[in-house]
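Per TrEMBL, the features are:
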| type | residues | note |
| --- | --- | --- |
| BINDING | 10, 387 | Mg(2+) binding site |
| BINDING | 17, 211, 212, 213, 214, 215, 285, 286, 287, 333, 334, 335, 336, 337 | ATP binding site |
| BINDING | 94 | substrate binding site |
| ACT_SITE | 151 | active site, proton donor/acceptor |
| SITE | 183 | site 'Transition state stabilizer' |
| SITE | 244 | site 'Transition state stabilizer' |
Ligand code: ADP
């Protein structure tokens, strides 16, 4: 029998998240996380789902990604799910930046590794860690296909009118400055799942996807293809996020340099780590912000209002880009769980056919579901994202094709 398991690795700068899936029924066999790699206080948490065993935790220094993946391999082996198993078909890797070249998931070879490396200047925080994960996994199983699934791929269908900034073309091209977009795996998965929820094919529907996690992005998807998205050259552009500012006048940066005496690195840190919800009110967890709003906290109220105002602007913009909208889909931590955000983002948009049913919106649920009233012209849905399943599916389809 041909192998049916896929190991999904999401290798960050100081963490590795992993899931082992069986692609016959999409079941999870094991999931886990190694965090604080390179520190004394590293921790591995492993949940075996296949054998029904107890969760396991290991504490103590994990020096680097080599040691982290060794530890993951050991934990999987304890459950009889070893990385050396003939049942493993491939390893699927999340890679943040694939530039313009990687429009599809790609089997990794030396040339692919070199190209991911060449993209480090546009993704300095992410691509090096993703590369390390691939290299270490390749070392563990050199015979196995390693597949890179890029956060940017889904957005490579954006027309030039959406992908280009209006700056000098020669300068932009020389430095590869353009809008790439991120969270593509989630936008792809959620737009397709929304079509399924509507009982239609992805080719037949136009969807606005709102991925609202700690990072947040919106996309306009026409007939299954992305035509615009809110993140740009980096994940900083667009919506207000947990710690990122999203859109600001670029001149804010020169102002902070010239008048505020700040360096480029300090402003980078300010806009990426100390802005957004946390910069506005000191909290970046929407649950805590809502608690404070309910208690009458003015700063939390203003942070919530700024967040929702930006979201509403993007919904309107993408409505205009698409012309006809079949559904608006909310996903990720905030999108899936925060009824007040969903309600406020669509409030007052009835004339666009957008309405939220109060009862459906606040009813608990884990599955993809509608929250618009039956008579609404545009469906509004909550659609849980599953990036690991999407990476595994794309990996397995690609490897299957090669066999
Ligand atoms: P990441 O971008 O880290 O993958 P997630 O998609 O897991 O993030 O989203 C994390 C965020 O989701 C948290 O910071 C919090 O603001 C929000 N969140 C999680 N659960 C809830 C909830 N029950 N209600 C409101 N917001 C929530």
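For all residues, glycine too, the Cβ spot is worked out from N, Cα and C.
Please treat TrEMBL annotations as automatic predictions, because they have not gone through curation.
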**10, 151, 183, 244, 387 filtered to the recorded positions whose C-alpha is within 10 Å of residue 17 (ATP binding site)** = 10
**Message:** Neighbour count first, Cβ atoms within 10 Å, every protein chain included; then name which of 17, 94, 183, 244, 287 tops the list of recorded positions.
**Reply:** 183
**Request:** Sequence order is fine: just name those binding-site residues in 94, 212, 287 with a Cα within 10 angstroms of residue 244 (site 'Transition state stabilizer').
**Result:** none
**Fill in**
One should report the C-alpha separation between residue 151 (active site, proton donor/acceptor) and residue 94 (substrate binding site), rounded to whole angstrom, as 7
**Request:** Measuring Cα to Cα, tell me the gap between residue 94 (substrate binding site) and residue 183 (site 'Transition state stabilizer') in whole angstrom.
**Result:** 10
**Asked** For the binding-site residues 10, 214, which one has the sparsest Cβ surroundings, going by other Cβ atoms within 10 Å?
**Response** 214
**Asked** How big is the gap, in Å, between the Cα of residue 212 (ATP binding site) and that of residue 387 (Mg(2+) binding site), rounded to a whole number?
**Response** 14
**Message:** Let me spell it out: for each of the recorded positions (151, 285, 336, 387), count the other Cβ atoms within 10 Å of that residue's Cβ, using every protein chain shown. Which one has the most?
**Reply:** 151
**Message:** Using the alpha carbons only, what distance in Å do you get between residue 285 (ATP binding site) and residue 183 (site 'Transition state stabilizer') once rounded?
**Reply:** 19
**Fill in**
CB < 6 Å to ligand 1, subset of binding-site residues 285, 334, 336, 387, seq order -> 285, 334
**Asked** Restricting the comparison to the binding-site residues 214, 287, 334, 336, 387, which residue's C-alpha is spatially nearest the C-alpha of residue 183 (site 'Transition state stabilizer')?
**Response** 387
**Asked** In angstrom units, rounded to an integer, how far apart are the Cα atoms of residue 387 (Mg(2+) binding site) and residue 336 (ATP binding site)?
**Response** 14
